[in-house]
Each structure stands twice: as C-alpha cells, then as structure tokens.
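The transmembrane segment annotation in TrEMBL covers 12-30, 42-64, 76-100, 120-142, 162-183, 203-220, 232-250, 287-311, 332-354, 360-377, 389-410, 416-434.
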C-alpha cells in the first residue's frame, strides 16, 4: 500500500562506515606484497603508499564536489554520463559489469576465503579448492543480505567497520612497540636506487590504489543519503585521512617485523606478521581480516547494484534492473545480476592477475569522471556548488590517472591489453543497441515477455517517487 522507492537511510555515520568498510578490506592485507614487488625497496614502497593516499584524497575531493553538483546516484557512471555523454558512460558500464566489478569482487572474495581458512591449515597453505569454496559462500551470504534489507546491510557495514579498525590496531600496536625498542634493521638501505624499476611503478600504484579504492562509494548511493550536500564531503575527508594514517602505520609495522623477502614470500602478509610478532593472536587476526574482507564485499554489492539501477533508469540497461522489491525496498534484480560472473572469476582467477586486469579499466574511467568535473565547471559556471575544490586538484588527479593507465601498457601488456579489449568491445554493442536501436523484429516482444515474467517471480516494480 505504501509508495515504492529507495528510502534515505544512509546517515553520516553510515556513510563514514560505508567508506571505511569499502577502503579497509583485503587491500591492506594483500597489497603490501604487490607494492613492494613493483617498487623494489621498503622506502620506495612507503613513498608509494603515501602517494596513493594523497592521490585518493584528491579523487575523493573531486567526487565530493561531483556529488553536490549532480544529484543522482550511480557514481562513476552517472558523472561520466552527465558530463561527457552517453558513449563513454556506456563503455564504463560495459567494462564495469563484465570486467572491473566481478574481478574486484573476486579478489576480495578470494582474500576472504584465504584468511578465513589460514588458522585451520597453518603453517601450511590452505588448499586452493577450499579457499574458493569458502570465498563463494561468503559472497553469497552478502548477496542474500543485500537482497533482504538496506537497513541491515548498512548496520552490518557499521559493525564491520569497527572490526576493520580493530584488525589494523592489532597490527599497528605491536609493530610500533618493536620499533620503539630499536628494531630498525629491516629499514637499512630503504632507498636503494639500484632496486628501483621505473616501468614497474604503475603496477605498484595499482596495488596501492586497490587498497585505498572505496573512497568513491558514497557517490553511488547519493539519493539514499541524508543531507548529501553536507554528509558527502564530511564523510570522504574524515574517512580518507583515517585510512591514510592507518595504512602508513600498518606498513611500517609490517616492515618492522618482516623482512623484504618475508613479505614477498607470504601469501597472507597479516598472518605472517602475527606468526612473527604475537603467536598468541595467530588464530584471531586472520578471522578479523576475513571479516574485514566480508565488509568490503558488502559495500561493493551495496553500491554497484545502484549503478545498474541508475543505468537501467537512464535507458542504457534492461528495464528490469531499475525495479525495486515491493516489500523489501531493495533493488533486487540489480543486486543479483553479478552472481554468475563473480562465481566464474573466483573459480578460475588468481588475485594478482585479476588486480592488474581490472585496475586499468577502473582508473581510466575514474580519470574520465574527474575530467568530466572540469568540463562541467566550464559548461555551467553559473551553477552554485556547496562544496568546491581548487582547479589544480581535478587537473592533477586526471593527469596522474591517465598517465598511469598509459604507462601500465609497458608494465603488464597482456593483462592491460585484455582490459583494453574489454572496454573497446562495448563500441559495437552501443552502436547497435543504444545509438541506432537496431533490434531483431521479435526481440522487443521477447524482452517484454521475459521482463514481465521475472517481475512476477521476483515481486519487483518500477520506482514510484523520484529521489533526485
């Protein structure tokens, strides 16, 4: 009997928890290996971590302004659509659905499975089939929760954000204690230039930026935020500063306890850290890390389903995915759509190849979104924005993103070429289906029939009230 629409249930605390929960996930527990491997030394890896944090702050500030200028949900997709047009936004949607998001979700899911099983098999590595099975079970649990309730998904995110910060504290505190006692031997020759390989630095940045990725998540749920013009800037600034400080201290703790070779040889850096520093916590920290990854999975499903929801509403995705469950008020079809692709990538994928595979496409389109902010300012100088960043912030962020994307072709040409091909494959699809609307005679009738049947099966209808 009540109107069907997505309610405004994301408060400032929940927005902060969403951002913290999305950023502090598997990245800080698996990326140190990738950053160190591609930067060469401990000192240069710490520089990369700080630079990635600063770059993330620049990007977060750009997205905070975009979130106050453009009032729709959808994140990267809606910002590119509103500023650069339908073709680049569709290419983003195409790459995001078929490459970026399932690969990202698979990376986090695999990290969840690995850390969850680590205490049961230590000191041996957990069997790969068992890791993949637990990874999928964790992903399916989060998928079910997001289909069931927006409120409970948000509450879980808040609770797991506390768990994430506790997991970081359990790594930071013992590391700082050992450092204060004079254990600095692992920082000798920290900036040995002979070990620095410049053409591998983009991959080091990809690994670092993967750990910070999530600072843009509030923009995906803009229409569900309470007082978004105030809460978006506050949430992104506080959360990114918190994560930068936490990540720098965590990495210093890692290197205080573990040598360079230990980090490079470890499949789960946080577990190796605890084995060296506090054996009494050997079964606790991996579980906390696994719960941290669980929270990142929850945040990812929560936000990406809104991208599909908005894309469907804008006419660039099938209409079924802009529908909402009549009682749960969740975008049920959009939440469930990622199920098969993530399952496939978890079954066949490897964490580090997947990371390079999706990072190219992700940072290309984030760079285009911040380029769109510059374009939007130029086209609409009369538009008053309650939050505005200096022009050099979006300009420098865009240049760095696009330069890193270009350089990555030299670093990992195979994975990057696959990502590039995935993006370009969207061109003919856009031209045939969106631009020219060339469809087979029977296709509209078949589409309407399937949509109607799935509507009845899933108990979903179109949104009745505009929330933007």
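Cβ coordinates come from backbone N, Cα and C, glycine included.
TrEMBL entries are annotated by machine, without manual review.
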With pairs restricted to those 6 or more apart in sequence, evaluate whether the transmembrane segment (232-250) and the transmembrane segment (360-377) have 3+ C-beta pairs under 8 Å.
-> no
Using a Cβ cut-off of under 8 Å, list the residues of the same chain at least 6 residues beyond the transmembrane segment (203-220) that approach it.
-> 15, 18-19, 21-23, 25, 27-28, 31, 33-35, 37-39, 45, 48-49, 51-53, 55-57, 59-60, 63, 66-67, 73-76, 79, 104, 107, 231-232, 235-236, 239-240, 243, 247, 296, 299, 302-304, 306-307, 355-356, 359, 362-363, 366, 404, 408, 411-412
Examine the transmembrane segment (162-183) against the transmembrane segment (12-30) and state whether at least 3 Cβ pairs sit under 8 A, considering only residue pairs 6 or more apart.
-> yes
Between the stretches 12-30, 120-142, 287-311, 360-377, which one has more Cβ pairs under 8 Å with the transmembrane segment (42-64) than any other?
-> 360-377
Whether the transmembrane segment (416-434) meets the transmembrane segment (287-311): three or more C-beta pairs under 8 angstroms = no
Flag the pair the transmembrane segment (360-377) / the transmembrane segment (12-30) as in contact if three or more Cβ pairs fall under 8 Å (sequence separation 6 or more).
-> no
Close approaches to the transmembrane segment (76-100) from elsewhere in its chain (Cβ under 8 angstroms; 6 or more beyond its ends) = 63, 66, 70, 216, 219, 304, 307-308, 310-311, 314, 316-317, 337-338, 341, 357-358, 361-362, 365-366, 368-369, 371-373, 375-376, 419, 422-423, 425-427, 429-430, 434-435
